[in-house]
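S.K.: Here's a structure for you.
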Amino acid sequence: MQFSPTNGDFTFVSSTDAEELSGTIDAPDVKLNMGSDTGKDAYATTFLRQRGYGWLLEVEEDDPEDNKPLLEELDIDLKDIYYKIRCVLMPMPSLGFNRQVVRDNPDFWGPLAVVLLFSMISIYGQFKVVSWIVTIWIFGSLTIFLLARVLGGEVSYGQVLGVIGYSLLPLIVIAPLLFVIGAFDVVSTLLKLFGVFWAAYSAASLLVGDEFKTKKPLLIYPIFLLYIYFLSLYTGV
C-alpha cells in the first residue's frame, strides 16, 4: 500500500504486513550542522559572561591619539625651539623677531637641551658639574621668579625657567672663542663681559616688562649675577 503526498515532497511506503513503516524525506535545501564552530563560540561566550569573565572578550579599539609620533607625544616642537633660539641669539628688536614667544609660550625641552649643552662644554672631565649647573638653573630661575612676583610682575615659573635656560645660548657661543683666545687676558675678559651682557640682556628684555616701572634694576641685577655665576662654572674663575 502506498500513500502519495499531495505536494510531491514526501513519499510513504507501507509493507504488506502493515507493521513496518519506512519512508524517505527529500529536503535538498535543508542543511543541519549541529557541531559547527559558531555554536561552540556562542557557547563559550555565554559561559564566560555567566561567570563574570566577559571582560576577556572585550576588544580595545585603536585610539588614533596612541599612534602619535614620539616628538609629538613628548610635546617637542623642533621648529618652535629653533625659532626661540634665534630670538635669543638675535635680541635686537630691529631684526623683526617676535621675541615675546619665548616668554608667552614656554617649553621645557628646549631650555633643558641648552642647559645640558652648556654643562657638556663645562665638564672638563668632571661630570658632577652637569647636575650642579642643572640645579643652579632650576633654583636660580625659582629665585628670579619669586623676586619678580614680589616686585609685582605677572610671570609664571615655567616662563622664567624657559627664558633663563634659552638665554644661556650666548655663553655657549663665546665658549669656543674663549678657548682660542684664552692666552690674551684683556681680550678674554672683554669677551666674557660681552657674553654675560648678551645673555643678561636677552633674559631681562623678556622678563622685565613695563609693569615693573622703576623697579626694573632690582630684577635685572640678579639676572646679571646669575649669568656671571654660570660663566664662572665654565671658566673655573
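Just so you know, glycine gets a Cβ as well, placed from its N, Cα and C.
Got these off TrEMBL a minute ago, pasting:
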DOMAIN    97-232  domain 'Yip1'
TRANSMEM  108-125  transmembrane segment
TRANSMEM  131-151  transmembrane segment
TRANSMEM  163-184  transmembrane segment
TRANSMEM  190-209  transmembrane segment
TRANSMEM  218-236  transmembrane segment
S.K.: Quick check on the domain 'Yip1' (97-232): DSSP residue counts for helix, strand, coil, in that order please.
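M.R.: Secondary-structure composition of the domain 'Yip1' (97-232): 109 helix, 0 strand, 27 coil.
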S.K.: State the residues, same chain only, that lie 6 or more residues beyond the ends of the transmembrane segment (131-151) and have a CB under 8 A from a CB inside it; answer 'none' if no residue qualifies.
M.R.: 111, 115-116, 118-119, 122, 157, 160-161, 164-165, 168, 207, 212, 215, 218-219, 222-223, 226, 229-230, 233
S.K.: Mind checking which residues of the chain, 6+ beyond the ends of the transmembrane segment (108-125), have their Cβ under 8 Å from one of its Cβ atoms?
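M.R.: For the transmembrane segment (108-125), the list is 74-76, 80-81, 84-85, 133-134, 137, 158, 161-162, 164-166, 168-169, 171-172, 175, 230, 233-234, 236.
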S.K.: For the transmembrane segment (163-184), give me same-chain residues lying six or more residues beyond its boundaries with a C-beta closer than 8 angstroms to one of its C-beta atoms, as numbers and ranges.
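M.R.: Beyond its ends, the transmembrane segment (163-184) has Cβ neighbours at 84-85, 87-89, 102-103, 106, 110-112, 114-115, 117-118, 121, 137, 140-141, 144, 191-192, 194-196, 198-200, 202-203, 206-207, 223, 226-227, 230-231, 234-235.
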